[in-house]
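Report on the structure given below.
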Amino acid sequence: MGLALVSALAFGGSGVAAKPLIEAGLEPLQVTWLRVTGAALVMLPLAWRHRRLPLRRPGLLLGFGLLAVAGVQAFYFAALSRIPVGVALLVEYLAPALVLGWVRFVQRRPVSRAAAVGVVLAVGGLACVVEVWSGLSFDALGLALALGAACCQVGYFVLSDHGSEGQDAADPLGVIAYGLLIGAATLTVIARPWETHWPVLTGQADLAGTRVPAVLLLGWIVLIATVIAYLTGVLSVRRLSPQVAGVVACLEAVVATVLAWVLLDEHLGAVQVVGGVLVLGGALIAQTSAPKAAGAEPVAAGPPPAAPAPAASESGHRRAAADEPPEDAP
């Protein structure tokens, strides 16, 4: 569960660093483009190391880039233009419940009671954290866009687990690297970075009354809230299972709210505190259903791998990238 918590902390810290940049003159989608593109450049050496991966798993990489990286961001920001932030967040974080539905009704696999209870507690707690009732309004298109973000979030959890076993297992580092590259290319069309007010990045931004170099905030968003967040997030899904990791990921909204309270002096009410406790309780309950065996079948099982050659009898531990031979090994 440790990796999932680190991922939630890293993702949750993105908003606190992004808000001063937005207030300084950058558009939200432009900050997102800088975030994803910067992370893609950081991961570029790993993409080169796993340069054969696009030939082996093109569908996985394309799906991860379009859904888990670009899709979540694009749908979420589009939803924000029509519905309140709290409602958009709540709908997006229905993803853990949708993951359970995928497992139970599409893959026809049993769902543990602990995971189901964890989802109910986490979603209910999240409604309290974002105070969804304070800005409750009905906008069919806005809700549909937020639901699109939730579906893309499901894609993140399912694809993170996809093909994680067998001789044809995709190295998670390669998946993240190419996913970020594809996501950056997609967001370039949507965010129109050529219209970015670049001088903002050479100046300073206001963080709770303290002047902070804008480039330092951007560095935090790129390295911590994106690179570290995706690395620990994908690895946690492979260790815990998508349905459990999805519940733990709800802590992201709690972390974001607490950090905004501490660093940005935003109000944190008693109901939000109770909601945070409920989300944490749901995550703790859900993680008790995590698979214990390393060889547990992934939720999104890919097609059966081809019969391995006699020399390729390596065990293929799926959770440590160092245990797998490099993609470009001769």
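Note: Cβ is positioned from N, Cα and C throughout, glycine not excepted.
All TrEMBL annotations are machine predictions without curation.
Record features (TrEMBL):
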- 3-129: domain 'EamA' (DOMAIN)
- 141-285: domain 'EamA' (DOMAIN)
- 295-330: region 'Disordered' (REGION)
- 28-48: transmembrane segment (TRANSMEM)
- 60-79: transmembrane segment (TRANSMEM)
- 85-103: transmembrane segment (TRANSMEM)
- 115-134: transmembrane segment (TRANSMEM)
- 140-159: transmembrane segment (TRANSMEM)
- 171-194: transmembrane segment (TRANSMEM)
- 214-237: transmembrane segment (TRANSMEM)
- 244-263: transmembrane segment (TRANSMEM)
- 269-286: transmembrane segment (TRANSMEM)
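The stretch with the most CB contacts under 8 Å to the transmembrane segment (115-134), chosen from 28-48, 140-159, 171-194, 214-237, 269-286, is 269-286. Residues 14, 18, 21-22, 69-70, 73-74, 77, 80, 173-174, 176-178, 180-181, 183-184, 187-188, 190-193, 195-196, 218, 221-223, 225-227, 230 of the same chain lie 6+ residues outside the transmembrane segment (28-48) yet bring a C-beta within less than 8 angstroms of a C-beta in it. When DSSP labels each residue, the domain 'EamA' (141-285) comes out as 112 helix, 8 strand, 25 coil, counted as helix, strand and coil in that order. Among residues of the same chain six or more beyond the transmembrane segment (85-103), those with a C-beta under 8 A of the stretch's C-beta atoms are 72, 76, 79, 109, 111, 115-116, 118-119, 122-123, 126-127, 130-132, 134-137, 142-143, 146-147, 149-151, 153-154, 156-158, 242-243, 246-247, 249-250, 253, 299. When Cβ-Cβ distances below 8 Å are used as the criterion, the transmembrane segment (60-79) is approached by residues 28-29, 32, 36, 53-54, 88, 91-92, 142-143, 145-146, 148-149, 151-153, 155-156, 159-160, 162-163, 170, 175-176, 178-187, 190, 302 of the same chain, each at least six residues removed from its ends. Mean pLDDT, taken over the domain 'EamA' (3-129), works out to 84 on the 0 to 100 scale.
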